[in-house]
Amino acid sequence: MDGNGRWAAQRSLPRTSGHRAAETTVIDVIEAARAAGVGWLSLYAFSTENWRRPSSEVDFLMQLVRRVVRKHAPLLHARGIRCRFLGMTDPRIPAELAQDFTDLMTLTSDNRGMTLTIAFDHGGRRDIVEAARSLIRAGVPAEAVTEQSFAAHLPFPDTPDVDLVIRTSGEQRISNFMLWQVAYAEWIFPRVLWPDFRAPHFLECLHTYQQRERRFGDVLPKQNGGS
Ligand code: IPE
Ligand code: MG
């Protein structure tokens, strides 16, 4: 979800206004994904590198996400959405925020409509390092480490590989997002800034994705059965 700061700068507003305006987009995209039958939606809200930002902005984001989670928890639950928070290990995360996240995960844990993963204080490299530590702690012998057994030690190992990554604002970077899971993801980089992104943009991305030919390194079998 990129481009909040530039959206605000275009309007001579403080960066925080851009973050505030992002709330509408978040709800719009969640509703659009659910209505379109998307089974898994992940939103990258705060990275392990975002802690480098001025503390006033970090504090604002912590308060904002807490307010948004509390405000929309009933709607998410009513829509049958199962919510999860990926990351969330830094001790700087306010205890009240961690509690609200835990409450929402517990409230929605039996829902089967769509799984919404909010990556907050998330870093793909950290998840990989933690998985390696977890394997070693479990005493898994080196020969038994396979892609499958390794992935089982990542957080939320039932999460399928990422099919599509949409990064708004025109930036074309991974920025440490779910590094393991995006190995064969398709990528779309809409130029529109996140606070301006709406359901029609999202549906257009889904449409573009449907036209991509995914081969996973293989070649496609001949269509006409010719030799
Ligand atoms: C994305 O918008 C939101 C977060 C990382 C929280 P940015 O804050 O990165 O906006 P730009 O990139 O400065 O425009
Ligand atoms: Mg940015």
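A Cβ is built for glycine as well, from the same backbone N, Cα and C atoms used for every other residue.
Keep in mind that TrEMBL annotations are predicted by a computer and have not been checked by a curator.
For D2, the entry in TrEMBL reads active site. The Cβ of D2 (active site) lies under 8 Å from the Cβ of R167, T168, S169, E171, L193, W194, each of which sits 6+ residues away along the same chain.
Annotation comment: TrEMBL describes D2, E186 as Mg(2+) binding site. When secondary structure is read from DSSP and collapsed to three states, D2 (active site) falls in the coil class.
Residues within less than 8 Å, Cβ to Cβ, of G5 (substrate binding site) and separated from it by at least 6 positions along the same chain comprise R15, G18. Residues or ranges marked as substrate binding site in TrEMBL: 3-7, R15, H19, 47-49, W51, R53, R167, 173-175.
The feature active site, proton acceptor is assigned by TrEMBL to N50. Cβ environment of N50 (active site, proton acceptor): V58, L61 lie under 8 Å away, each six or more residues apart in the same chain.
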CB < 6 Å to ligand 1, subset of recorded positions D2, G3, G5, T48, I174, E186, seq order -> D2, G3, G5
Starting from the Cβ of I174 (substrate binding site), draw a 10 Å sphere and report how many other Cβ atoms land inside it.
13
Filter the recorded positions D2, W7, T48, N50, I174, E186 down to those with CB closer than 6 A to an atom of ligand 2; keep them in sequence order.
D2
Number of other Cβ atoms within 10 Å of the Cβ of H19 (substrate binding site) across all protein chains:
23
Please report the three-state DSSP label of E186 (Mg(2+) binding site).
strand
